[in-house]
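In what follows, a structure is listed as structure tokens, so that the remarks can point back to it.
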Amino acid sequence: MAYPFQLGLQDATSPIMEELTNFHDHTLMIVFLISSLVLYIISLMLTTKLTHTSTMDAQEVETIWTILPAVILILIALPSLRILYMMDEINNPALTVKTMGHQWYWSYEYTDYEDLCFDSYMIPTTDLKPGELRLLEVDNRVVLPMELPIRMLISSEDVLHSWAVPSLGLKTDAIPGRLNQATVTSNRPGLFYGQCSEICGSNHSFMPIVLEMVPLKYFENWSASMI
């Protein structure tokens, strides 16, 4: 859950987001070390009067500054490729939910059930109850079972949208005529908020997403009441 003046990432709720957080810290450490080294070299060049104007060739130095960046790029690329593979891999999903973007709301269809589908609109500020979040609450939440792999099929009816829930490490483009997929797995119950992350028109800012992750028993009761 995000909070005012937050400086870091949202708390990870899925295995993918945990991996992304660790990768962020790993990459940030490498960038910090490189930046410190470059600033140190620049400071030496500005403060020292020692120069090598007669140096015409330095094969050892050239070898080092060719190999070292390649090694650093490999250290960044390998964990990145691993996470990309994890995000694309979907094995035996327990549930499939089709998400369609519209100007300016989302519609959801639980494809494993015959008549379980609904539209999800933002609740206007004037209709909010005490404790509800402005521009983030919806009239119909997406209820999903926790601790189970869920496949989200994402597309659009009109223009480009993007279905994003930061605490779950999700951001998938909704493209007209194309069906993208993502995996949702939550480690704990709760409400998780997101928004459309692709500028899609004048009301782009009013397309919130709310996932309600519940135990499997509660999800079965909810789905039975919705059919």
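Quick reminder: no glycine exception, Cβ is built from N, Cα and C everywhere.
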Notebook entry, point to check: Given that Swiss-Prot lists H161, C196, C200 as binding Cu cation A1, which residue among M152, M207 does it place in the same site?
Noted result: M207
Margin query: Please compute the mean pLDDT of the model over the topological domain 'Mitochondrial matrix' (46-59).
Written below: 71
Notebook entry, point to check: Within 10 angstroms of the C-beta of Y218 (phosphotyrosine), what count of other C-beta atoms is obtained when all protein chains are considered?
Noted result: 15
Check: Taking the center of the Cβ atoms of C196, E198, C200, H204 at the recorded Cu cation A2 site, which other residues in this chain have a Cβ no more than 8 Å from that point?
Finding: G101, W104, V159, L160, H161, S162, S197, I199, G201, M207
